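**Student:** Below are the features listed in TrEMBL for this protein:
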type	residues	note
DOMAIN	225-438	domain 'FAM20 C-terminal'
BINDING	SER261, ALA262, TYR263, LEU264, GLU335, ASP350	ATP binding site
ACT_SITE	ASP330	active site
BINDING	ASP350	Mn(2+) binding site
Amino acid sequence: MRRDRLLVAVTLVTLLAADIHFILLPRLRTCYQLPRESCSCTDSSLENGAAATVPWTTSQNMTERGSKLERLFRHPLYNIRLPELGPEERLLQEDELMNNCKRKVSRWERLKKIYIEAAAASNITIPDHPVTFDPEASWLQFHLGISRYALYSGDDSSIDRLLRDMQTAPVISADFTQDQKALKGACDCSQVLDFRRVPPVTGRFINVTGEILYITHNEELRSVFFTSPANNTCFFAKCLYVCKSEYAVCGHPDLLEGSMSAYLPGLSIAPRISIPNPWIRAYSFTGTEEWEVNPLYCDNVKKLYPYNSGNRLLNIIDMAIFDFLTGNMDRHHYEVFTKFGDDGFLLHLDNARGFGRPSRDVVSILAPLTQCCMIKRSTLFRLKLLAQSEYRLSDVMRASLSRDPLTPVLTEDHLQALDRRLDQVLRTVGKCVKKLGEPPVVITDFVESSRVTTSNR
């Protein structure tokens, strides 16, 4: 009987100790902000599909995952020191951007009066949101941070503020993008892995009636809205391909989950060009592209401008790895800022086809890597880092997305697919090294961090 009592007592003490260690102590640390061995970090693990400040939580698993993300962004490979940015390395100068923004605000105020008068004549009420010029606005600071190397730096504090603003700021107008207008032949000349080549994006619930239909001044955009038999507000896209009302998107009855992407600077002050991807798909059931049937296709690409010098081909391979990890087969074009010429980074725009079927790994997306057998050393090092259990890609991605308003953004199957595809990328690089040796495959490309030493490199 005494032994039974002793066993019960030991069991209770053990449970109490576990409860204090795993539940009570983390809560006390959170409430009283007790010091920890690591600091809060803000960023995302894979090209800012969504970025967030990773919280310490009462869950042991989430605490472990959060610390993985924090350790990842303290790692020297995520603290690469870039050259000092002079005027030629920055996309925009402050005076140029501020003057452009002031003109836009003035123009909007003039047009708003016209819109309100026209709406009143048709018995339509348009919300009158005041617009003021704020030189400290998060989106202006984001635009000022764009450089030759990336859309923003890893320590840019304005990005976290920009994401919060995109989640909560009132919507004052809705229209087609400038790219969509260009497809229709219109031109508005008054006017958007640590690559940091995708504009910051955050999830948000959108009221498609109040925040799009009722505030747009574009009649063509209004024309694609309708009310479904279930009394939901729906809309469909107009495009050159299979955009029909049968493929409409509907609110419930008005609310819809969506993603808010930060606009790039206007084309009048930051022109950019769209370039066909050398590994573009045929987009037909019968046709094929040369790269699909010619294993030596990359040799031909290497002879063509601008892939015959500089980093353009290596940047294409970076983009292919990013697309393979996300499962995006729709990379038909890429864009570059014209100011930076052939040496600028590639903008990874239009990622809507990513994260489709997690069970399907489309190896052909990796064709630039498999056919060219080249990869940046910095990219390879980061991929190897994300394959380690301490920094596992699925874990840091899960933690990065945990504070998005629409969390969970990805399913567990999608997260596990990231790890599986990452392993496949590393195996592909390994085969190239085995076949050709390391020097022609792994290309040195970056300026080392002051924290990188011979031992940890």
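Quick reminder: no glycine exception, Cβ is built from N, Cα and C everywhere.
A TrEMBL annotation is a machine prediction, not a hand-curated record.
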**Student:** I need the neighbours of the ATP site defined by SER261, ALA262, TYR263, LEU264, GLU335, ASP350. Which other residues of that chain put their C-beta within 8 angstroms of the C-beta centroid, in sequence order?
**Tutor:** VAL192, PRO199, LEU347, LEU349
**Student:** Mind giving me a neighbour count for ASP330 (active site)? Other Cβ atoms within 10 Å of its Cβ, every protein chain shown.
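**Tutor:** Looking across every protein chain shown, the total is 17.
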**Student:** Taking each of SER261, ALA262, TYR263, LEU264, ASP350 in turn, which of these binding-site residues have a Cα lying within 10 angstroms of the Cα of the residue listed as 'active site'?
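**Tutor:** Those close enough are ASP350.
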**Student:** Taking only the residues in the domain 'FAM20 C-terminal' (225-438), give me the average pLDDT of this model.
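**Tutor:** 88, rounded to a whole number.
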**Student:** Max Cα distance spanning SER261, ALA262, TYR263, LEU264, GLU335, ASP350 (ATP binders), Å?
**Tutor:** 16
